[in-house]
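K.L.:
Straight out of TrEMBL:
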- His117: active site, pros-phosphohistidine intermediate (ACT_SITE)
- Lys11, Phe59, Arg87, Thr93, Arg104, Asn114: ATP binding site (BINDING)
- 3-137: domain 'Nucleoside diphosphate kinase-like' (DOMAIN)
Amino acid sequence: MKTNRTFTMIKPDAVANGHIGAILDHITKAGFKIVALKYTALSAQKAGEFYAVHSERGFYADLVSFMSSGPIVAAILEKDNAIADFRTLIGATDPSKADKGTIRNLFAKSIEANAVHGSDSDENAEIEGSFFFSAFEKF
Ligand code: ATP
Ligand code: MG
């Protein structure tokens with residue numbers, strides 16, 4: 001398993017607000033190589049599967065509804081120390097607590113509509129990347 005990869009989504013809020021280009025620019029300028037990229041959408045069922053780990057949380061139904069509310073951009077990214085470096089680049093889950101200059105500080109509006117997803121481990125990066133991409137779509 002590659003350990004220098006992470007998986008990200010540009011979430012429906014950031015897509016709807018026209019931030020795809022600016023966010024991809026931040027990502028590539030921070031040294032991440034794009035391994036796979038897709039403009040797509042999650043059905044409620046697929047969003048529920050993706051965030052199944054949160055199914056017992058009070059915000060789960062709202063999260064599933066939000067994540068299936070419009071198109072998203074999915075991507076696999078490569079860089080040394082990808083998981084930790086990407087989470088530093090995006091900032092805290094709650095954008096009001098995200099460091100200045102982070103993607104969530106710049107582009108997110110709320111703890112739910114927080115502009116981007118970032119994998120939390122090598123294992124989940126592999127699972128989440130394979131959720132969206134076949135081997136033929138990774139370069
Ligand atoms: P992500 O997994 O999307 O990168 P994260 O790892 O920073 O985010 P998690 O704890 O995994 O945060 O939560 C997953 C997502 O669920 C968050 O990004 C956010 O969209 C939503 N979420 C988390 N906590 C809350 C909350 N208290 N209220 C509403 N939505 C929440
Ligand atoms: Mg998470």
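The backbone N, Cα and C atoms fix where each Cβ goes, and this holds for glycine too.
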K.L.:
Listed recorded positions: Lys11, Arg87, Arg104, His117. Which have a CB under 6 angstroms from an atom of ligand 1?
P.N.:
His117
K.L.:
Please list, for the domain 'Nucleoside diphosphate kinase-like' (3-137), how many residues fall into helix, strand and coil according to DSSP.
P.N.:
64 helix, 24 strand, 47 coil
K.L.:
Note down the number of other Cβ atoms within 10 Å of the Cβ of Arg87 (ATP binding site), including every protein chain shown.
P.N.:
16
K.L.:
Using a 10 Å radius around its CB, how many other CB atoms surround Phe59 (ATP binding site)?
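P.N.:
Step by step: centre on the Cβ of Phe59 (ATP binding site), count other Cβ atoms within 10 Å, giving 12.
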K.L.:
Cβ neighbours within 10 Å, counted over all protein chains: which one of the binding-site residues Thr93, Asn114 has the most?
P.N.:
Asn114
